[in-house]
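**Q** Following this message is one structure expressed as structure tokens.
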Amino acid sequence: MGISRNRLVPGLVGLAASAAIVLPLGIGMPVSSATAEENAPVQTLNVDYGTTTGDFYGGSSGMLYGLGDEGSPTDAILDGARVQVTSQKPADGLQHPSADVLAVENQFFNNGGEELVVNLQDWYPDWSYNGGKRPGDTRSYKLDVDPNDAQYGTYTDNAPNDRWDFDEVLEVVMNKILANTSHPDNIVFMPFNEPDGGNWYASGDNASADIYKQFLTDWNDAYATIQKVWNQYKSGEKTNVNGVKPTADHALIAGPGDSVWRANRTKALLESSKAANTLPDVIVWHELGNGSLKNYRSHYNQYRSFEQELGITPRAINISEFGELRDMSVPGQLIQWMSMFESTKVQAQTAYWNYAGNLNDNMARANSANGGWWLYKWYGDLRGTQTVKVTSEHPDSVDNLQGVAAIDTKNRKATVLYGGANDATKIGANIPVTVHMTGLDQSVFGESVDVQVRENAYTGPDGVAATPRVVNVLSDQKLVNGTLDVTTTSIDRYAGYQLVVTPHQDVATSLDNAENGRSLQAIEAEDTTLSDGAKAYTKSDNTGSWGNFMFSGNGDVGNFKNGAKMTWNVDVPADGAYRLQLITAPAGFPGVNHVYVDGKSVGDLNVPAELALKEAAKWKYRGSAEIVLDGLTKGKHAITVEATDLDNESDKLLLYQVSRGDGTPVDQVTYPASDMRLDSGAVLAYDGNGTNGFANLNGGRADVFAHAWEAGYQNVTIAYNAAKGAHFVLSVNGQSAATVTAQSDGAQTSIVRVAFSEGINQLTLSGAAGVRVASVTTARASESDSKAIRFEAEDAQLSGGAKVQKDDASDASGKSFVAGLGNQFVTNESGKAGYGDQTRVEADANHVPTVAQNNKGTMTVTGVPAGAYNMVVRFSNDAFIGSHSYNPQVVDLGLQVREGDQEIARGSFRYTYTEKHFMNRSVTVTTHGGALTLGNWDEVGSRKAAVSWGVAPNVDSITFYPITDGNVIDSVSGVTVSGEGVSADGKASLKVGETLSLNASVTPDSVADKTVQWTSSDEQVATVDEHGVVKGVKAGTVTITATSVADSSRSGSVEVTVAEDSEQKPSGGDGDNNGEQTGKPDGNTGGQTSDSDAGADSGNNQKHMPLTGAAVAAVAGVAVLLAGAGLLLKRLRSRS
């Protein structure tokens, strides 16, 4: 079921490949649309799987300063997003206080990164560089000491030495990098950034200007210096601290780096550098404005024509900055850029509008996803595929439907990523989109296919986006001449969609709707009922303005001052618990909004602080606040959000179903094998053994990136097929959690209770061939949270500069926290009044901060037993160093854990906008039972972090969750019924009035719930009580069955013959035999074993496994294309 705005409305039904209308399973006929928008004409995206366009390039996942420090972002976030390329500053560069190439390189390359670009001019502290003027020869740099000597690269002013100053800078930064990097061959060096703008060589596109001629000369000189230093390390003349030598023929160099496409200047550079043998390896320019969505392809084609004209081998291209503030975090916007760049096979990096370390606003909080992150995750999943031709009805246009499509022949999977469907309102609400696919090869997909469509809604740059929901399903659809149409209604232009086609599977994918506890509804804040001063504001759709964030629905609610209210009259689809989410932004500080349901107070939304350091961000940089509403009943309810003195502005509200309210799991999400990221030999299997669509681990790995709203325990249920004794390993966020051993042959499940981090968790399954995974399901298990060991920071043993700080305006628990861990920055209140936290770190002109190093603060806790833990730190960080024209100069802070003198863990902790606002960040730690001391022992300049000032974040609390709780819980493989007098062939007898005691044994031993339910096939012949005691009633034969409560498909039984007192007992087995009988799942006896013991190749696994597509396939001859009838995301507009 898709999101509904305000109420569920049956909508358009999808069209099958044969163009026949088919009905969603279990849903009635569609009714008339409730609003005019829902009668919007269908928009079509044409995907030709018969025309491949090359190997998937993956370059559109690039970032400029996407990484802030090692661990910022986290591994799960970084690996999930599969960032292919990022540009960072040089070692010890001063342009920004974080994002040092040497600090981030190992984490980047360990998590799917392929290429690091270094902006060499970012050595300078000022923007524009050197005051915007080309340097001359006024300095002498110290170059005659080791590159890691503190004096190396320092300079003396007013000391000309007959050498261009920037040439010396290039030598300094190249030596600092090559003396320390572990990945020289994967680094690209860019000597100039925006030379056409404010950085030294501005001439517009006039390639004849004297200043541009100077640029051509300087390009050749810079090229020569970079190659000189490279060759010194390659030859061994100079050495690297890690013993790593460059192996490539030459250093990779990128340029020119212009701020826009400059045709004349670019052609002149190609001509000049070809003649001088200094051609760039990577051609670089920016595509920042929304006009690039229509003009980029012409720029690309013109550039390629220059290469052809000049006889130059095609160069790689990196669009080193793309997009506007309004594009970041918005799936329906980002996909438009991705489609252009992937189709032309170039790298492209999102622009750096705000701060480093959050993937350019494409993640949320410390470790959570926003809508942008999920799109990057989907895009990263396409590695190893081939792209195919995609044609939009709106080619080369701004803000319209676009997509990327690929075919994975090894895994027999076709994927389409799309979004951006728009109309004259510039909102694009409720537009039906048909993905028209042709060329689907029957040799790959067979005669019939399954389709899944997932929806990824916009939640703001810092608003949490949960796992995208399945909103459209097609099962066992016959292909007609390789053609298939799938129609899904798009919620709005901001949303993104993932469509996956596979051969028909034995893994059924269900719609995420009220029936399985996964419904979702949404409403624009401005469409709620406003009262007591709250006001709706109409906003621009942001076209043509790079400096504005996106406003969902082109509006929001402000003037939300004390007592103001917005009320959502919502039709709840089913009884249960629901999570209300408010997409909102205060002015830089945290606070609360009160929440009422039908006039009754139900608690507060804890609204987090958000970025407010500049006009473009204040009240516009939206995050999210959540509260669970327990016990909502089906039907209409009024949910009211009431303002306090926080004065936050709000964009939209969402209502997520948490559970069905009938004891079903909380926050349950299923990830089928076809949605997993397979690597190192793991592959989707289609061999006809009842495991079609399962992931055969095959010695490789299958990764799931699972969302959790909060830190704590989750049940991870793995459904799989394997031979008895086969095993595989479950790891969570890089930590081994459990080795799972198959307890029987065939289909089964195992459950591991694991401590999750708040946000994204990387679950990895690794095992041998023959272990075939159908799905992984996660569900909250909060009852185990009591196993965690929690410390309030102020209760720890403090020393040095550590001190307890009380702040009633903070969102720290108890309004107290510990500050002063590690070194301490010297700060003052110098920020602009009214724009968030005014605290600034004192720093010199080079952004070097003043640090107190003589009183390192620590906090020590005891009582944590030896073991592996997910350590959750609730922290704050308001460190802000220096100034910049548009980038907040924030930094990550480091926290380390020591046991005795041994460091056992460390982490980077992001900027939280103010010391008053606390976030959660997890660090994996293994202890030996001793006292644990937390602080920061890094020495200034140690390069253990991008900014190694030895300063730690403020700490509110620390919670240690053991990685797992309990042993692996396996599924029931069989039920055996036995008892005195039961024969080997499962028969027993007794007389009327007599009793017989039966026992039921549930296997394997690792089953958690071994209770059974006893039943009699005819209680007029014999009854059985809850303890298995059978009593004869009258003569006859009856079957007594014990059914597993944990798995009702598993049972065992015996046949009991009841005789009158005068009758002779029938022969059939020795009464002293005490034989046992294992019943089949259908209750049959006769000495046959249950299906779980029949072996993986018995052919019966599909019949009895609960995760097959049998139920859907049984709808004879009907292909179900779920594209409507209340199952799609609807937006009910209340204004024109």
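All residue numbers here begin at 1 and follow the chain in the order shown.
From the backbone N, Cα and C atoms, a Cβ is placed for every residue, glycine too.
Annotations for this protein, taken from Swiss-Prot, read as follows:
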ACT_SITE  E194  active site, proton donor
ACT_SITE  E321  active site, nucleophile
COMPBIAS  1087-1103  compositional bias 'Polar residues'
DOMAIN    521-656  domain 'CBM6 1'
DOMAIN    669-779  domain 'CBM6 2'
DOMAIN    987-1045  domain 'BIG2'
REGION    1049-1104  region 'Disordered'
SIGNAL    1-36  signal peptide
SITE      N119  site 'Important for substrate specificity'
TRANSMEM  1109-1129  transmembrane segment
**Q** If you skip the near sequence neighbours and keep only those at least six away, which residues in the chain come within under 8 angstroms of the residue listed as 'active site, proton donor', Cβ to Cβ?
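**A** G257, D258, S259, H286 - these are the non-local Cβ neighbours of the residue listed as 'active site, proton donor', listed in sequence order.
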**Q** Around E321 (active site, nucleophile), which residues of its chain at least 6 apart sit with Cβ under 8 Å of its Cβ?
**A** L64, H286, E287, L288, Q349, T350, A351, Y352
**Q** Under a criterion of Cβ-Cβ distance under 8 Å and sequence separation of at least 6, what residues of the same chain contact N119 (site 'Important for substrate specificity')?
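**A** Sequence-distant Cβ neighbours: S87, Q88, K89, P90, G93, Q95, M190, N193.
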**Q** If H, G and I count as helix, E and B as strand, and all else as coil, what does DSSP give for N119 (site 'Important for substrate specificity')?
**A** strand
**Q** What does DSSP call the residue listed as 'active site, proton donor' in the simple three-state scheme?
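**A** Note: the residue listed as 'active site, proton donor' is coil by DSSP, not helix or strand.
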**Q** When DSSP states are folded down to helix, strand and coil, where does E321 (active site, nucleophile) land?
**A** strand
